[in-house]
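A quick write-up on the structure given underneath.
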Amino acid sequence: MEDSNMLPQFIHGILSTSHSLFPRSIQELDEGATTPYDYDDGEPCHKTSVKQIGAWILPPLYSLVFIFGFVGNMLVIIILISCKKLKSMTDIYLFNLAISDLLFLLTLPFWAHYAANEWVFGNIMCKLFTGLYHIGYFGGIFFIILLTIDRYLAIVHAVFALKARTVTFGVITSVVTWVVAVFASLPGIIFTKSEQEDDQHTCGPYFPTIWKNFQTIMRNILSLILPLLVMVICYSGILHTLFRCRNEKKRHRAVRLIFAIMIVYFLFWTPYNIVLFLTTFQEFLGMSNCVVDMHLDQAMQVTETLGMTHCCVNPIIYAFVGEKFRRYLSIFFRKHIAKNLCKQCPVFYRETADRVSSTFTPSTGEQEVSVGL
């Protein structure tokens, strides 16, 4: 008789839990959220220590992520615009990926302040930064998927890619991707608001039960299942094609890149997904007690922060692995940064000019930079 009730309990465990993309310190508080008296012993579950740890750790971590991520993604945008001129579909996707990361990063200083204090920016700013956070988050995932498909077409279906991989098609798919990212973010924006609780203002989502369930399922599908399926399918085809390629150097270079993409992605996001899984099935797995809940709160803060640092790695993985791109970056610093720091070095600038003219041509430069992804 007990076994017959397992499936309904399992389904209920899936649909009765929701998780925010925000840190646990600003987790959603709705009618279905855990209260201090929800546990069997009737004793309150005080999470003061969890909040204190978050107040100490999250602000400096978010600040570092913001600084390194902002600088890295701005460099990607500058190089793509000034050197590459956005002449290929890969460039378009790289540009939009950097924009997604920047939208995501722009909210981090405010979440850093909120982790250490109350929310002081009002309801409108609460919705605005929530929207930027979600749009940047989903946009980043979607453009990683597009970049993966772009590499798949370029390597596995090279003839078809000559017609399909155009700048126009890249712009169209990018616009559609942004629209989808906005729609995916709407539930979080609509149901997020600033409230006053216990003499402090908070900013977080207040989902009705139905929308909470929908948001949880949609987020798991779009941010975990879909990208994993695309990566497995596309990179399996890419590896199969590359292992038949006679160009050993090109093959090994592409394999190293694919290996780096997959390893870094799983390294930064697998811990968060594991903690998210445990939290989702917390009641079903018999872990619904205060001690476990506090440990999961702490783990969620740490692993989600680790996942957010992935936006700092994107410029390295998707741009700077190309040798020509690194040379573009070196020349950019020599030509623009060093020019302001050392105006009395004519020999230095002649060397830079020679490198620019001899190393890069419109034909080879554009082709080699795209090899980075």
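Just so it is clear, glycine is given a Cβ too, placed from its N, Cα and C backbone atoms.
Residues or ranges marked as disulfide bond in Swiss-Prot: Cys126-Cys203. Per Swiss-Prot, phosphotyrosine is recorded for Tyr152. Annotation comment: Swiss-Prot describes 1-60, 113-128, 192-220, 278-301 as topological domain 'Extracellular'. Annotation comment: Swiss-Prot describes 82-91, 150-170, 242-256, 323-373 as topological domain 'Cytoplasmic', evidence class sequence analysis. Marked as transmembrane segment by Swiss-Prot on the basis of sequence analysis: 61-81, 92-112, 129-149, 171-191, 221-241, 257-277, 302-322.
Touching of the transmembrane segment (171-191) and the transmembrane segment (92-112) is concluded from the presence of at least three CB pairs under 8 A, sequence neighbours closer than 6 excluded.
When Cβ-Cβ distances under 8 Å to the transmembrane segment (92-112) are tallied for each of 61-81, 129-149, 221-241, 257-277, the top count falls to 129-149. The Cβ neighbour count for Cys203 (disulfide bond), using a 10 Å radius over every protein chain in view, is 24.
Below 8 A, the CB atoms of the transmembrane segment (129-149) and the transmembrane segment (221-241) form 3+ pairs separated by six or more positions in the chain. Cβ neighbour count for Tyr152 (phosphotyrosine) (all protein chains, 10 Å cutoff from its Cβ): 20. Cys126 (disulfide bond) is surrounded by 23 other CB atoms, counting those within 10 A of its CB over all protein chains shown. In the three-state DSSP assignment, the secondary structure recorded for Cys203 (disulfide bond) is strand. Cα of Cys126 (disulfide bond) to Cα of the residue listed as 'phosphotyrosine': a span of 39 Å.
Across the topological domain 'Extracellular' (278-301), DSSP helix (H, G, I), strand (E, B) and coil residues number 15 helix, 0 strand, 9 coil. Across the structure, Tyr152 (phosphotyrosine) and Cys203 (disulfide bond) place their CA atoms 41 angstrom apart.
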